[in-house]
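Chemist: Encoded as C-alpha cells, here's the structure I'll be asking about.
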Amino acid sequence: MSIKKKTEMNKSIKGSKTEKHLLMAFAGESQARSRYTFFASVAKKEGYEQIAGVFMETAEQEKEHAKRFFSFLEGGMLEITASFPAGIIGSTAENLRAAAAGENEEWTDLYPAFAETAEEEGFKEIAAVFRQIAKVEAEHERRYLALLAHVEDGSVFERTEEIAWQCRNCGYVITSKKAPKLCPACAHPQAYFEPMKTNY
C-alpha cells in the first residue's frame, strides 16, 4: 500500500514535517475517540441517552479521521513531541465543554496549520484532507455547544415550544413541550427521548 501512496503523491513523506503532523493528528483523534466513549458512559449514567449517542457517534467519526491520517503514514518508528489533553472525566456539562474546546483547537488552529505545511511540502492531497476534516471538527464543536446549552438551561427534555419528541428505544413520537417521564409505548424513561430528526 505504501508504494501506491508514493505513486499518488509522487514523493515520500518520510522525514517531513507533514509525516509528524499526520502522526500527531492520528494520536489526537485516537485519544478523542477514547475520551468520547468515556464521556458517553457518564452521559448515560446522568440520564442523557441522546448525548451519550452523540458522543458515541462522534467517537466513531474520530476513528475514521484517525484511520485516514494513518493511511498516509509509511511505516517505521517516528518520534514526535506533542501536547495532549490530560483532563478528567467530569459531569456531562464539563465533558461537553472539554470536547467542544478540543474540537475548536483542531479546526481553528491545528489542522489549518498542518494543511498549510503539507501544501508547502508538496502534499496537496494530505493538505486537502486536513482541511476537509477540519470542517467536520467545526460541526462537532457546534453540536457539542448546542447540547451543552440545553444541559445548562435545563432544556434537554423540555422546550418553550411544542416539538416532536422521539423515543430512542422504540421510535414512539409525541408532540409536546416536554418529553414524557415514561414512554407510553415501551415504558423506557424520559432519558430515551430526543427531539425528532426531520432532515432525512
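Every residue number used here counts from 1 along the chain in the order it is shown.
Backbone N, Cα and C define each Cβ position, glycine as well.
Predicted, not measured: the structure shown is a model, and the values here were computed from it.
Pasting the feature list from Swiss-Prot:
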type: DOMAIN; residues: 12-155; note: domain 'Ferritin-like diiron'
type: BINDING; residues: GLU29, GLU62, GLU106, GLU137; note: Fe(3+) 1 binding site
type: BINDING; residues: GLU62, GLU103, GLU137, HIS140; note: Fe(3+) 2 binding site
type: DOMAIN; residues: 162-200; note: domain 'Rubredoxin-like'
type: BINDING; residues: CYS167, CYS170, CYS183, CYS186; note: Fe(3+) 3 binding site
Chemist: Where among the binding-site residues CYS183, CYS186 do you find the Cβ with the fewest other Cβ atoms within 10 Å?
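Modeler: Each of the binding-site residues CYS183, CYS186 was scored by Cβ atoms within 10 Å; lowest is CYS186.
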Chemist: Please report the distance from the Cα of CYS167 (Fe(3+) 3 binding site) to the Cα of HIS140 (Fe(3+) 2 binding site), rounded to the nearest angstrom.
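Modeler: About 23 Å separate the Cα atoms of these two residues.
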Chemist: Can you tell which of the binding-site residues (CYS167, CYS170) has the fewest other C-beta atoms within 10 angstroms of its C-beta?
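Modeler: Comparing Cβ neighbours within 10 Å for the binding-site residues CYS167, CYS170, CYS170 has the fewest.
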Chemist: So if I draw a 10 Å sphere around the Cβ of GLU106 (Fe(3+) 1 binding site), how many other Cβ atoms end up inside it?
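Modeler: Neighbour count, Cβ to Cβ under the 10 Å cut-off: 26.
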Chemist: Looking at the binding-site residues listed here (GLU29, GLU103, GLU106, GLU137, HIS140), whose Cα lies nearest to that of CYS183 (Fe(3+) 3 binding site)?
Modeler: HIS140
Chemist: Which of these binding-site residues is closest to HIS140 (Fe(3+) 2 binding site) if you go by CA atoms: GLU29, GLU106, CYS170, CYS186?
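Modeler: So, of the listed binding-site residues, the one sitting closest to HIS140 (Fe(3+) 2 binding site) is GLU106.
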Chemist: Select the closest residue to GLU137 (Fe(3+) 1 binding site) from the following binding-site residues, measuring between CA atoms: GLU103, CYS170, CYS186.
Modeler: GLU103
Chemist: Show which residues of the chain containing GLU62 (Fe(3+) 1 binding site), separated from it by at least 6 in sequence, have their CB under 8 Å from its CB.
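Modeler: In sequence order, GLU29, SER30, ALA32, ARG33, TYR36 meet the Cβ cut-off.
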Chemist: Work out how many Å separate CYS186 (Fe(3+) 3 binding site) and GLU103 (Fe(3+) 2 binding site) at their Cα atoms, rounded off.
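Modeler: Each residue's Cα considered, CYS186 (Fe(3+) 3 binding site) and GLU103 (Fe(3+) 2 binding site) end up 36 Å apart.
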Chemist: Between CYS170 (Fe(3+) 3 binding site) and GLU106 (Fe(3+) 1 binding site), how far is it from one CA atom to the other, in Å?
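Modeler: Their Cα atoms are separated by 36 Å.
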